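Trainee: What follows is a single structure, and I will ask about it in a moment.
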Amino acid sequence: SMKRGKKAEEEVAAADGENDAGSGSAKKTKKAKEPEAPILYEDPPDKMTSKDGRDANMKITSWNVDGLRAWVKKNGLDWVREEAPDVLCLQETKCGEKSLPADITSMPEYPHKYWAASDEKEGYSGTAMLCKTEPIKVTYGIGKEEHDKEGRVITAEFPTFYLVTAYVPNSGRGLVRLDYRKTWDEDFRAYLSELDMQKPLVLCGDLNVAHQEIDLKNPKGNKKNAGFTPEEREGMDQLLEAGFTDSFRELYPEQANAYTFWTYMMNSRGKNVGWRLDYFILSSSLLPGLCDNKIRNKALGSDHCPITLHIAV
């Protein structure tokens, strides 16, 4: 989305700049530097068995669609039908309930649909959860008025776990919302910890932070940009220290170049100059049932790609 525009330009410029090291050869030839071939990420085949030998029985997909109406027009639902998750979580729907396209509201595959929209700003933020089987209970927000006006969180209770989907506030260009984001991180962590005392949880969505240097193409150029500030990274540290696990890193600790967001500018996606901002975060007690966390980076229709969790619950 445009609010990442300036960050993206700096990021791409800096990422390209990193490749200049050592190109001034002794001969000082005039030959133009060959552009580097992009390092792409190939998602390995889906692992459908957990560490403790159980078969995956729950498939959850999360996708920041960057505007639901545009994404539906770009045939996002065709991909969803093919992927066929048990639960589909969407972020940045940018769509009030009255404006939802019939193509999605009438989807027979998902009879149980839940929508959260921004109260004040039409066409801003927003999340959705579409379920094949009906949850025991669904709630909206985190129970704090200052955070619950933008439709950012939906929680569904299932028999053995909670599923929380979230669109975490972006700290913004010039970090105008960083102070708010720090408060959000703290309050959201408290909300999740409280849920976790009742039942283990899966958190999915756009958490708007690349946690470690391995999680973005150009860490050096982005230390002062939204999504990679020390404050936001510390927020993720604290979440994980509270007893939660980043399932992708648990499975693929050394995997670089695995991203879920690329700015629309400068062919960033083609060059794979991206960020991993979308996560499945699991309560530690669910880890034995973790089978796989997929990054479906071939699925188009947004500036983010979808991610899918296979788990035995």
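The count begins at 1 with the first shown residue.
Note: Cβ is positioned from N, Cα and C throughout, glycine not excepted.
Sequence annotations record features per position, and here TrEMBL assigns active site to Tyr167. Residues or ranges marked as active site, proton donor/acceptor by TrEMBL: Asp206. According to TrEMBL, the feature active site, proton acceptor maps to His304. What TrEMBL records for Asn64, Glu92, Asp206, Asn208, Asp303, His304 is Mg(2+) binding site. Taken from TrEMBL, the feature compositional bias 'Basic and acidic residues' applies to 44-55. As annotated by TrEMBL, domain 'Endonuclease/exonuclease/phosphatase' applies to 62-304. The region 'Disordered' annotation in TrEMBL covers 1-55. Residues or ranges marked as site 'Transition state stabilizer' in TrEMBL: Asn208. The site 'Important for catalytic activity' annotation in TrEMBL covers Asp278. Look at TrEMBL and you will find His304 tagged as site 'Interaction with DNA substrate'.
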Trainee: Please report the Cα separation of Asp278 (site 'Important for catalytic activity') and Asn64 (Mg(2+) binding site) in Å, rounded to an integer.
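Mentor: Cα-Cα distance, Asp278 (site 'Important for catalytic activity') to Asn64 (Mg(2+) binding site): 8 Å.
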Trainee: Counting Cβ atoms within 10 Å across all protein chains shown, which of the binding-site residues Asn64, Asn208 comes out on top?
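Mentor: When each Cβ's neighbours within 10 Å are tallied, Asn64 tops the list.
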Trainee: Can you tell me how many other Cβ atoms are located within 10 Å of the Cβ belonging to Tyr167 (active site)?
Mentor: 24
Trainee: Mind checking how the compositional bias 'Basic and acidic residues' (44-55) divides into helix, strand and coil residues in DSSP?
Mentor: 0 helix, 2 strand, 10 coil
Trainee: Could you round the CA separation between Asp303 (Mg(2+) binding site) and Asp206 (active site, proton donor/acceptor) to a whole angstrom and send it over?
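Mentor: Asp303 (Mg(2+) binding site) and Asp206 (active site, proton donor/acceptor) have their Cα atoms 12 Å apart.
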Trainee: Averaging the per-residue pLDDT over the domain 'Endonuclease/exonuclease/phosphatase' (62-304), what integer do you get?
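Mentor: Result for the domain 'Endonuclease/exonuclease/phosphatase' (62-304): average pLDDT 97.
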Trainee: Do you see any of the recorded positions Asn64, Tyr167, Asp206, Asn208 whose C-alpha is within 10 Å of the residue listed as 'active site, proton acceptor', and which ones?
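Mentor: Those near the residue listed as 'active site, proton acceptor' - Cα within 10 Å - are Asn64, Asp206, in sequence order.
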Trainee: To the nearest Å, how far is the Cα of Asn208 (Mg(2+) binding site) from the Cα of Tyr167 (active site)?
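Mentor: The separation of the Cα atoms works out to 8 Å.
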Trainee: With every protein chain in view, what's the tally of Cβ atoms within 10 Å of the Cβ of Asp303 (Mg(2+) binding site), excluding that atom itself?
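Mentor: Excluding its own Cβ, Asp303 (Mg(2+) binding site) sees 23 Cβ atoms within 10 Å.
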Trainee: Is it possible to get the count of other C-beta atoms within 10 angstroms of the C-beta of Asp278 (site 'Important for catalytic activity')?
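Mentor: 23, counting other Cβ atoms within 10 Å of Asp278 (site 'Important for catalytic activity').
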